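This report refers to the structure that appears directly beneath it.
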Amino acid sequence: MFKKKNVSLAVVRRLPRYLRYVEDLLNHDIMRISSSELSQRMGYTASQVRQDFNNFGGFGQQGYGYSTQVLYENLVKILGLDKNFKMIIVGVGNLGQALANYANFYKKGFRLVGLFDVDPQKVGKSIRNIKIQHIDELKDFIKKNDVDIGVLCVPSEVAQEVANLMVEGGIKGIWNFTAKEIEVKDDVVVENVHLIDSLMVLSYKLNEKLLEKQEASQK
């Protein structure tokens, strides 16, 4: 598959949204869509849609638009969802348990293969038929099972320590839900998820709406 080097992160972050929408089109038996229709429904410009897809070869045909099936298959490959990445969760508190029970991981091709914690009240119990193991077993488990992704749901004060254990075990990517900005070697990919950041963005948008109403009422 053709792919430009150094695709911007902004483009990459739009790809899951494209995939969700195209999947919905297929579920409604819509087999073709133009860039203008796609852009209108998603809130982007047609030029933006074409530029995004051109980073990976384009996928469209002039005068025809996009085959939703072809678009879906290409987006799945671009996002690596055909790789069936193996995933573990470290820290089985409220967030870790919620993620462990999230069925969409399986639907999108991610395989949860391990759960880890230090709490003796949790170790030995199971979630979705996956036994919670003590963190002392983490490194060996990663090595033996060739785990790809480690999900970090531990307290921030131990985040770097646990990340180090993951890396020593041979983890390839870390999905970091802690407030700590962890440091890892260059060949390990990190995606930080700060839930409060998204809430603050919502707060900003809500505040803007309130200010607009206040200004309108004063005119």
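Just so it is clear, glycine is given a Cβ too, placed from its N, Cα and C backbone atoms.
Record features, source Swiss-Prot:
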type     : residues                                 : note
DNA_BIND : 17-56                                    : DNA-binding region
BINDING  : Gly91, Val92, Gly93, Asn94, Leu95, Gly96 : NAD(+) binding site
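For Gly93 (NAD(+) binding site), the same-chain residues 6+ apart in sequence whose C-beta sits under 8 angstroms from its C-beta are Asp117, Cys153. With the fewest other C-beta atoms within 10 Å around its C-beta, Gly96 stands out among the binding-site residues Gly91, Gly96. When Cβ neighbours within 10 Å are tallied across all protein chains shown, the highest count among the binding-site residues Val92, Leu95 belongs to Val92. Taking the centre of the Cβ atoms of Gly91, Val92, Gly93, Asn94, Leu95, Gly96 as the NAD(+) site, the nearby residues of that chain (Cβ within 8 Å, site residues left out) are Ile89, Gln97, Ala98, Leu99, Asp117, Cys153. In terms of DSSP secondary structure, the DNA-binding region (17-56) contains 28 helix, 2 strand, 10 coil.
Taking Cβ-Cβ distances under 8 Å and a sequence separation of 6 or more, Asn94 (NAD(+) binding site) has no neighbours in its chain.
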